[in-house]
């Protein structure tokens, strides 16, 4: 155990934690250059180690990962005896594969300083150095990472049975599959701690039911920690169900003005830039080049996966060769996501990650200098998470959100109310209309070479609009205010797509582009061959349909229409009888008797009404006869 801290030690010193941290943990954080704890670590670690349930809300980039990893490791290594084989001591649940992988890597780095755990984790033959052997009774932490898409559930179970890990780090779905196996045990005698990282994100992604199923498989007597940059009402529901008298830790940031309720790091400069739709994508390079030194790692956020796919082909034309653009979104296969994520992390030249909100939460991407929100997020809560990819762990960072002139500028005041103030981007940027036109033509030149790019652009534009229309700040982001033609030119579209929002649009849907659409081809030969076949089939089917309609219209007699009308009436009557029959069958005897009495009463009323009508007709006829008897000149008709 680490020695007691000397008098006068800062309350944020690692040596000041009570109960004291192990010597090897102190060595680990010292080797990483963490001379003292962050505020969230200083608050959460002692509580979580002292057998308290915790709900931790702290700004992004504030060191939440170590706030739960250190207590988990310390707890498992202070047990009276090792956890039994195939029993689990702790579980850490993450919303995304990338975040789970990152937590796993941090844990491995930490356990490298604990020889028994390091020896258990390192596969034999990994290097030539002899492996130190420890007895079976030695306490150690052995983690397993569970990720959907990279391994099968059967492979996960096989690894679990072979290595008997006592800590699981996983996304919800794959974790539930493993816990459903009868070979995996989480009894109260073994299970100690559950951590939900980015808890509100877990619920936003629709994992609530899965989480509830997981909680039902875990003992109620456990320590639970919820960690997030924002705690939503949905998280409060999980708190009520899954935590016992939790301690809430809320860490705020004190800015230079003394305001203490900012929700983002003080080292992060959050700005906005107003730009017309036609100039939006053209402003990206000037933003990058106006900052000194030039950002080495930048993240561009857009609203949809389709947008990432399309802009990944278009933006390099505008950014030039100075920046490497790397796409990443949630619909990429798992291996592609991991490959592109690693490319960005390990890049040694100025690089840009073009992504969706899959990268907005939890990921500790080192040395991100700049975040540009090309599309403001639909959910305002996501805004601070996006910004927080820069300015992490005290590092200086800049974030920029792009807004259209007009009503969208009200977003600045909206963010101020939400305690996430933004200031104007400090470097003036000027784009001319001629520059915008040149960029549009350059994009269209590329798109005209392959119809697949046109299809991708149409899909991306429609999906962007759907996202825009669902913005929670709908009074600010109004579809009715959009300049369709300017947007079409900005995106480099060859025409505006067909969609309900353009039903009343009276402008130029072709965007001034003259193109031979019938001969506009795909680069992929198989796809182009199929397109031509479909065109031919459509032409033949259209001709046949026209011929059939003509023959049908010539041969249909008026009497057939009468027959059809009679048949329709007959079907309606039969349907009514069937409904009445089903209703009668569902009645009780009492209800049937009451229905009979009601029917009898109605029949009596109808009969009386009919008798009254017959009497009135008779009286009327008698009156007319009397009048006729007194009229000698009454016309009797022709013979």
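Note that Cβ sites are derived from N, Cα and C of the backbone, with glycine treated the same way.
Here Swiss-Prot gives motif 'DEAD box' for one range in the set 197-200, 201-204, 205-208, 209-212: that range is 197-200.
Across the motif 'DEAD box' (197-200), the DSSP tally of helix, strand and coil residues reads 2 helix, 1 strand, 1 coil.
The helix, strand and coil residue counts that DSSP assigns across the motif 'Q motif' (14-42) are 16 helix, 0 strand, 13 coil.
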